[in-house]
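K.L.:
Taken from TrEMBL, the feature FAD binding site applies to A:V187, A:T207. Feature annotation from TrEMBL assigns D-dopa binding site to A:Y255, A:R316. Look at TrEMBL and you will find A:13-374 tagged as domain 'FAD dependent oxidoreductase'. The transmembrane segment annotation in TrEMBL covers A:12-29.
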2 protein chains.
Amino acid sequence: MSAEGAQPATTQVVILGAGVIGLTVAHVLSKDARYKIKIVARDMPDDLDSQAFASPWAVSAGYRLGRAALTPSPPRAQGANWSPMGEYNARIYKWEKTTFDKLWDMIPAGLAITSPSRVFYDAGADLDALWYKTLVRDFRILGKDELPDGTHAGVGFQTVSVWPQAYLPWLKSELDARGVEFVRKRVATLGEAAALAGPNGVLINATGLGARSLIGLEDKDVYPIRGQTIVISNPNVREFMCTELTSAEDGNATYVIPRPAPGGWTTILGGKYQKNNWDTSFSAADAQGILDRCAALAPAIKDPETRILRHNVGLRPARRGGPRVEAEKLDLPLKNEWLVEELPEEKGTVLVVHAYGFGPAGYQMSWGAAEEVGSLVDSHVNPNKA
Amino acid sequence: MSAEGAQPATTQVVILGAGVIGLTVAHVLSKDARYKIKIVARDMPDDLDSQAFASPWAVSAGYRLGRAALTPSPPRAQGANWSPMGEYNARIYKWEKTTFDKLWDMIPAGLAITSPSRVFYDAGADLDALWYKTLVRDFRILGKDELPDGTHAGVGFQTVSVWPQAYLPWLKSELDARGVEFVRKRVATLGEAAALAGPNGVLINATGLGARSLIGLEDKDVYPIRGQTIVISNPNVREFMCTELTSAEDGNATYVIPRPAPGGWTTILGGKYQKNNWDTSFSAADAQGILDRCAALAPAIKDPETRILRHNVGLRPARRGGPRVEAEKLDLPLKNEWLVEELPEEKGTVLVVHAYGFGPAGYQMSWGAAEEVGSLVDSHVNPNKA
């Protein structure tokens with residue numbers, strides 16, 4: 001579009017949401033200087049450890065607009081490692097394989113660690129046919145002596161983990177260095193977000209649970225999966241372990257995720273997996289169940305030296321039908337029936353690329369999904385990109 | 001306790017929560033210079049209009065501790081007027097009468113306004129026996145010509161309204177002038193809060209929905225009542241109207257609350273009243289129902305000049321058995337079974353006065369409840385107070 005040697009034309013890209021998906025999409029797109037990128041969100045990754053950052057830990061009393069995923073995923077409660085979730089799906093396999101390898105490559109820089117892992121299954125499961133056998137490293141079927149009491153079968157492998165409180169700030173620092181702009185703003189409607197991108201602009205919709213409430217989108221397939229976790233410190237708990245995450249009709253999911261952290265490891269014990277449950281209050285009964293189930297896998301948790309540091313309750317931003325990564329073109333100005341807005345009257349088209357609904361798997365799909373978003377943007381905006 | 005003429009001994013008072021209850025209790029107690037008052041909360045009234053204040057409008061994605069009511073009640077979505085709620089209860093009548101009269105007295109200063117009101121009942125209701133007849137001003141039974149289509153009986157009166165976006169900052173400014181200290185802090189346990197008050201100190205527990213999650217208290221009688229409202233501007237909607245707030249089995253509550261505001265009135269249209277529903281997402285179906293029900297009472301809402309400015313969804317901090325305003329003495333250090341905390345080892349007793357569970361009625365019970373809290377504190381700390 002530009003003459004040889006001249007400044008290339010730039011495209012305004014607005015990313016709505018500063019969670020791990022929004023930040024990773026920004027990382028992928030910002031490699032191309034033709035994209036002028038602005039991340040617009042209610043809360044910012046810099047806020048994560050700030051006293052001023054209320055969202056991840058405080059739930060407001062009284063009235064509020066449900067705008068869950070304009071906020072970054074709060075880090076203290078997250079693994080965040082690659083864990084096996086669900087059945088084989090070609091698209092998701094690709095996203096997760098891409099992400100696993102990308103995080104694995106970050107190990108030398110200290111941004112990620114490798115972690116020995118054991119995952120347990122019902123007796124009779126066809127472990128040799130597990131879909132993620134080629135995704136993880138050093139996959140093997142466990143011998144009987146490696147099975148904790150009460151488990152019947154299992155596999156071992158090496159997975160990769162990041163510590164979100166270091167990882168998200170690293171992502172943010174990369175984006176800062178590339179000139180990505182961060183704008184703190186509460187956006188109520190898809191039309192308002194599209195207007196920020198403007199005619200011929202690109203809007204990335206990385207709003208997570210907020211996609212349900214974003215007026216003009218109102219994706220009612222988006223729903224929460226309630227989680228509760230416990231953060232402990234115990235230097236003897238160093239292995240990732242979980243049971244198969246099945247349909248979880250009892251709302252239980254059992255996982256032990258050690259995480260590297262400055263000043264010593266901490267370990268996430270989980271958890272609950274309650275679909276369509278919005279309850280963000282602490283449940284002592286849930287905490288007791290988590291401790292008992294995790295200690296059955298990792299008996300060291302019952303050691304007197306275990307210190308419980310924190311309890312977390314939160315909502316995973318899931319979607320019926322799976323994550324939505326999809327492009328559509330919308331005409332500006334984009335009105336809606338629910339709010340009177342003073343939008344710019346300028347006409348034009350915005351490319352909207354949706355990237356939400358990753359449920360429990362935002363971190364482990366992030367790089368693969370972000371690359372697909374990048375390809376969708378390129379194919380519309382710079383179709384002849386080398 | 002002090003010699004005549006000497007500096008009187010002071011008592012450290014920590015108020016946990018900066019909602020309308022916490023602030024009003026601080027206002028009552030701070031009249032007595034012997035109370036050294038610190039308000040500790042996750043979010044502060046100053047944040048209400050700040051872009052940095054996420055809590056009232058943003059719900060975080062991912063994990064968070066359910067700590068609802070350490071945040072102030074967000075103002076945009078609130079009436080906040082005196083509305084009839086529930087049946088007669090002597091204690092609550094006293095709280096509401098005290099509050100009504102106090103707010104009425106603020107009208108000349110411009111902090112509150114009086115508002116003509118109509119409330120509608122089923123045919124056959126004994127309107128002349130309504131319990132709040134002596135609480136409001138100019139109470140009368142409506143004539144047939146004053147009943148909108150579809151209503152069968154009703155009463156008229158003058159109520160009082162405040163505009164929370166001005167009222168809460170006014171409360172805050174009063175407290176600032178009296179030297180009340182504000183500390184932004186996330187408190188996870190009752191023991192941590194009690195330690196802030198210290199031996200012989202006083203802790204006011206004004207945590208609202210957070211009382212359910214405050215570890216060491218974990219009051220499971222606390223529950224949310226989901227609400228959804230619409231803020232409109234229409235200069236022709238100037239009268240408070242509602243239908244009787246009954247048990248609301250359908251989850252509907254219908255009210256039209258005009259509020260004074262700089263630059264023109266806005267009006268809250270409500271609403272939903274869904275017990276034990278934590279869903280903080282926007283529902284277009286709920287919004288449509290609210291518009292239809294309110295327009296049946298106030299047809300001007302259907303005028304083309306009505307502008308919808310905002311939708312709000314939130315949780316009212318209710319409690320089975322009603323509000324808890326009650327004193328108890330607890331021994332320090334106060335341990336709990338769910339978190340390892342580094343609490344001061346100093347022994348002593350803390351007076352805890354609970355003040356939470358006001359549900360939809362925080363504003364309209366605030367002054368009466370705060371005075372009862374003040375009396376409870378005085379009776380323990382300064383029993384011979386004049």
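From the backbone N, Cα and C atoms, a Cβ is placed for every residue, glycine too.
Caution: TrEMBL annotation is automatic and unverified by curators.
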K.L.:
Please indicate, using numbers and ranges, the residues of the same chain that are 6 or more beyond the transmembrane segment (A:12-29) and have a C-beta under 8 Å from a C-beta there.
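P.N.:
For the transmembrane segment (A:12-29), the far contacts come to 35-41, 43-45, 69-73, 80, 164, 168, 171-172, 174-175, 180, 182, 187, 193, 196-198, 200-208, 210, 355-356, 358, 362-363, 366-367, 369-371, 373-374, 377.
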K.L.:
Whose Cβ, among the binding-site residues A:V187, A:T207, A:R316, has more other Cβ atoms within 10 Å than any of the rest?
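P.N.:
Of the binding-site residues A:V187, A:T207, A:R316, the highest Cβ count within 10 Å belongs to A:T207.
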K.L.:
Which binding-site residues among A:V187, A:Y255, A:R316 have a Cβ sitting under 8 Å from any chain B Cβ?
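P.N.:
Correct list, in sequence order: A:R316.
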K.L.:
Which of the three DSSP states, helix, strand or coil, fits A:Y255 (D-dopa binding site)?
P.N.:
strand
K.L.:
How many Å separate the Cα atoms of A:V187 (FAD binding site) and A:Y255 (D-dopa binding site)?
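P.N.:
Here the two Cα atoms lie 35 Å apart.
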K.L.:
Tell me whether A:R316 (D-dopa binding site) sits in a helix, a strand or coil according to DSSP.
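P.N.:
In the DSSP reduction, A:R316 (D-dopa binding site) maps to strand.
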K.L.:
Restricting to the domain 'FAD dependent oxidoreductase' (A:13-374), what is the model's mean pLDDT?
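P.N.:
Here the mean pLDDT over the domain 'FAD dependent oxidoreductase' (A:13-374) amounts to 87.
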K.L.:
Determine, to the nearest whole angstrom, how far the Cα atom of A:Y255 (D-dopa binding site) is from the Cα atom of A:T207 (FAD binding site).
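P.N.:
A Cα-Cα distance of 27 Å.
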K.L.:
In whole Å, how far is A:R316 (D-dopa binding site) from A:T207 (FAD binding site) when you measure between their Cα atoms?
P.N.:
12
